[in-house]
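**Student:** Take a look at the following structure, please.
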Amino acid sequence: MKLKRFLLRYYPPGIILEYEKRDKTREMKEIDLLHLTPETDVDVLVNQVVFEEPLISENRKPQLRRLIYKLIEKLESNESNDFYLFKILRAHILPLTNCAFNKSGDKFITGSYDRTCKVWNTVTGDELLTLDGHRNVVYAIAFNNPYGDKIITGSFDKTCKLWNAETGDLYHTYRGHATEIVCLSFNPHGTTIATGSMDNTARLWDVEAGECLHTLLGHTAEIVSLNFDTQGQRIITGSFDHTVKVWDVRNGRCIHTLAGHHGEISSTQFNYSSDLCISGSIDRTCKVWDVSSGQCVHTLRGHNDEILDVSFNATGSKLVTASADGTSRVFNTINGACQAILIGHEGEISKVCFNPQGTRVLTASSDKTGRLWEVETGDCLQVLEGHTDEIFSCAFNYEGDTVITGSKDNTCRIWKC
């Protein structure tokens, strides 16, 4: 086997090796550097990687060192910059439901009660496409990141539609759910779609063929959250029946039922390594689960009202919770310790996420503001003001230099660093 080239993966940090096998075919191998920080001793790390990885020879050390410094440079980017309001988009005639970026962040999509999904150019603020065809609210939307050439829309009309993100052409309409579709996702390879519905089931669909591969049966109440793991081999579903289920994507079988919450599940996510997942519940707790055993590792307490959203940082070392009590909390994943309480909002926080570098948290609140927080100290760095109604959606782009906020005032605001 012969190393042909290095590729960089910025978030979470890693190096991808492209190598040639004896039969001249090429394969990729990922080296995760999840513990990389600006304080890392790069020479020690380079020696360790070369020692552990037979594909990398001694003479590649200078190149490897340069690449690791480049990864550290990315982790330090956007450190001290404030965000400014770049554009206000009056997106739809009726209320917005969701918004999402493609990977590069040059496009984003909005769903609405007006039964359409719109595609926007982030840089110019121009509307590129209107995806029209659903017969009810377009509620859940997603790009097939990292590719960004397809979009899925899930609707209260019980269908999911697959669209060409460049032309707006409709590829498939996926029919089979008995009631509204409220959550959906592409798998990481963009070959399978998962939809979750108020009919208590999730379904896996084949992107190319447009057919249902598996129906995930077992929940006894609506499914409101679902996520694929990093490899796309498992999926988790969170339900109003107080449980999370782990499923095998290949055969649609339930591997584990994660039981222990005393209220409806609101949000779920895998960490990057996919050995842990988290669930937030209206029982005011967030639980960390070991995916392979199905055991609860930590129950994270402290909120005095429902938890509405949970999210890992890019490496999985920390997680953040958002609550109807108006606060967010940052926890250490390993020991379950609360590291910071983010206090300042005057209304419930419905959405929360880390920036790709893991240094900032972004929150969206019913008090009509978004806020940016310093992860280590819990200090509020900036208030994103201007919306005239509650903000229910917020996201960073892949680089972490652009933020989008979606509000019940029917506008999206783009904020740039």
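Just so it is clear, glycine is given a Cβ too, placed from its N, Cα and C backbone atoms.
Keep in mind that this is a model prediction, so the values were computed, not measured.
Just lifted these from TrEMBL, have a look:
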type	residues	note
REPEAT	89-130	repeat 'WD'
REPEAT	131-173	repeat 'WD'
REPEAT	174-215	repeat 'WD'
REPEAT	216-257	repeat 'WD'
REPEAT	258-299	repeat 'WD'
REPEAT	300-332	repeat 'WD'
REPEAT	342-383	repeat 'WD'
REPEAT	384-417	repeat 'WD'
**Student:** Quick one: do the repeat 'WD' (89-130) and the repeat 'WD' (216-257) have at least 3 Cβ pairs under 8 Å, skipping pairs fewer than 6 apart in sequence?
**Tutor:** no
**Student:** Take the repeat 'WD' (216-257) and find every residue of the same chain, 6 or more past its ends, with a Cβ under 8 Å from one of its Cβ atoms.
**Tutor:** 179, 182-189, 191-192, 194, 196-204, 263-270, 272-274, 277, 279, 281, 283, 289, 291, 293-294
**Student:** Looking at the repeat 'WD' (174-215) alone, can you tell me the average pLDDT?
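**Tutor:** Reported value for the repeat 'WD' (174-215) is a mean pLDDT of 97.
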